[in-house]
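The transmembrane segment annotation in TrEMBL covers 6-25, 37-57, 98-117, 124-143, 149-167, 188-207, 242-262, 282-305, 326-346. Among the features that TrEMBL reports, domain 'HTTM-like' is placed at 33-309.
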Amino acid sequence: MQARIITHFSLVAAIFHAGVWQRLYASLRTHLLRETYALPLDLLRIVGGLLCVAYFLRLLVEAEDFSNPDGVLDHVLLHHIFWFTRLSLWQPGITLPWFYSIFGLACGIAWGIVLGYRVRLCAGVLFVIAVSTYRWNFIVIYVDDAFMHLLLFWLMLLPVGHTLLPWELRQGWRSCWQRWCQKTVPGTVQWCFLANICLLYVVAGLWKLASPLWQQGFALYAILRLPIAHHHDMWGPQHLPFLQVGNYLTMLIEPLLPFLLLCRPGHPAKWCGLLCHVGFHLGIVLTLNIPFVNFGLLATALLFFREEIMGWLQREGKPALQQAPHYGSSGVLALIFLLVLSLAVVHHIPFIGGLYKPAYALLWMAGITQEYQLFNWIDKTNYHVTYRINTQTADGTIRIINPQTFFPSSLRGTLLQMYLHNIRWMPVPIPYRQPLMQSIMTRLGQRFCRQQNLATPVTVSAHVQRIRPDNLTLTEEDERFLMHFRCAAQQLILCRTFLYVTNAAGCLAANEISPEHGRFE
């Protein structure tokens, strides 16, 4: 092994001698120290601030179901299972009114970013709130959460807040606009941010190449049949040829986007990259319920096309860009972060692959969690599920209940359901899997009893199946009993689940349940 390593580095040294490395470093340093235009950065700031307003408003709306200590998540149990999530401001004992106050305050603070007032301070406060919240609701974190706290981190470092400030308009619109268009700022952090975006596209795109379903052209069809998709029941086998074309275009476009967007200003390939960029993300927004990450990534085009934007705004001439004397504290921190992030998201590479866990741990300590294997998990965790929820009256009549009254209708509610079917988005230690599923069912039942004035026994069953090329029409479903319970004075009386039997008073015995009402396994 030692001989192979020596041979490897000897070959590298023979090809890239010291002079080459010095020239590469000098060129990179010159590029990183070059100033950039302030106006496109502040356009990104405004878009990012508006996304933050909408994001924390969504957290406010979802607080009753998820952040609420009496909601569908047992946060004490989650802190016990995922001990590393305790590094957070939110701890057991916090109340729902507190979350309403915090998320409402966060929506107001986000307007500070939009207006350009104390941007770093506002982004820092929101970053702490976002990090504490995703750790509090850890098992239902998804890509929007990951992107929004990353965006807030970069807003703390980016040189924003120098233009597009409404209070400066008192000096006159024309003079303000001319000054804003001429304003330049250090460019190191901007380049690190764009490198982070490029890393996301390249890693996510390359991981898809290793996925069997992506290789077969079936992955996009499977994704659009998932519950996270808008109108997931609209797609059928007749759409497969069209979706196969989209599947392979995605595999081609995603890893190539950075190379297209980084072409010199005005290059035809760069405009082609913009069309692909817009089409790629708008297509996702229209089909999948993950808007924040896609609108945020669309907004990065403001930086990729900053030269074109400034050329259009300043037809008489753009401001000259100077070289900064040094990186500055923000630039150094951005470079260190980019290095650690690169080690954390790149796996299975010789010599550096072993640094993945230490790098990920460092990011976690800083509040960052990033995983760029986007939709390459479709082979293992694709599923289609429908629920049958019935209640049986005293005369034996069966009444069907809308499943939306039992499960939260948000994307987090969809992610939570899958833990009941052994589809886990977060690795759960084996000893805790059944207690976690039992707690989810108990709290879903309690939520139902609080919201529904129903005294008759209720049975919940699921029809689950995998989305595979040999099951296009989704006819190979497996019926599973989940739970049987009743409500009394808005309190849950749990009779039995597929894990445990309590035989509480007023519950039906297994042999008293009719086939239409649900079956016990």
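Glycine residues also receive a Cβ, built from the backbone N, Cα and C atoms like all the rest.
In the displayed structure, how are the listed features positioned relative to their neighbours?
For the transmembrane segment (37-57), the list of distant contacts is 103, 106-107, 110-116, 119, 126, 129-130, 144, 148, 151-152, 155, 158-164, 180-181, 183-185, 190, 292, 295-296, 299-300, 302-303, 305-306, 309-310, 313, 318-319, 321: same-chain residues at least six beyond its ends, Cβ to Cβ under 8 Å.
Cβ atoms under 8 Å from those of the transmembrane segment (149-167) belong to residues 38-39, 41-46, 48, 51-52, 113, 115-120, 123-124, 126-127, 130-131, 134, 179-180, 183, 185-186, 189-190, 192-193, 196, 296, 330, 333-334, 337, 367-370 of the same chain, restricted to positions at least 6 beyond its ends.
Under 8 Å from some Cβ of the transmembrane segment (282-305) lie the Cβ atoms of residues 40-41, 43-44, 47-48, 51, 54-55, 142-144, 146-148, 151, 190, 193-194, 197, 200, 223-224, 228-230, 246, 261-262, 265, 270, 273-274, 411, all in the same chain and six or more residues away from its ends.
Beyond its flanks by at least six residues, the transmembrane segment (326-346) meets 32-33, 153, 157-159, 186, 188-189, 192-193, 195-196, 199, 203, 352-353, 355-356, 358-360, 362-363, 366, 368, 370-372 of its own chain at Cβ-Cβ distances under 8 Å.
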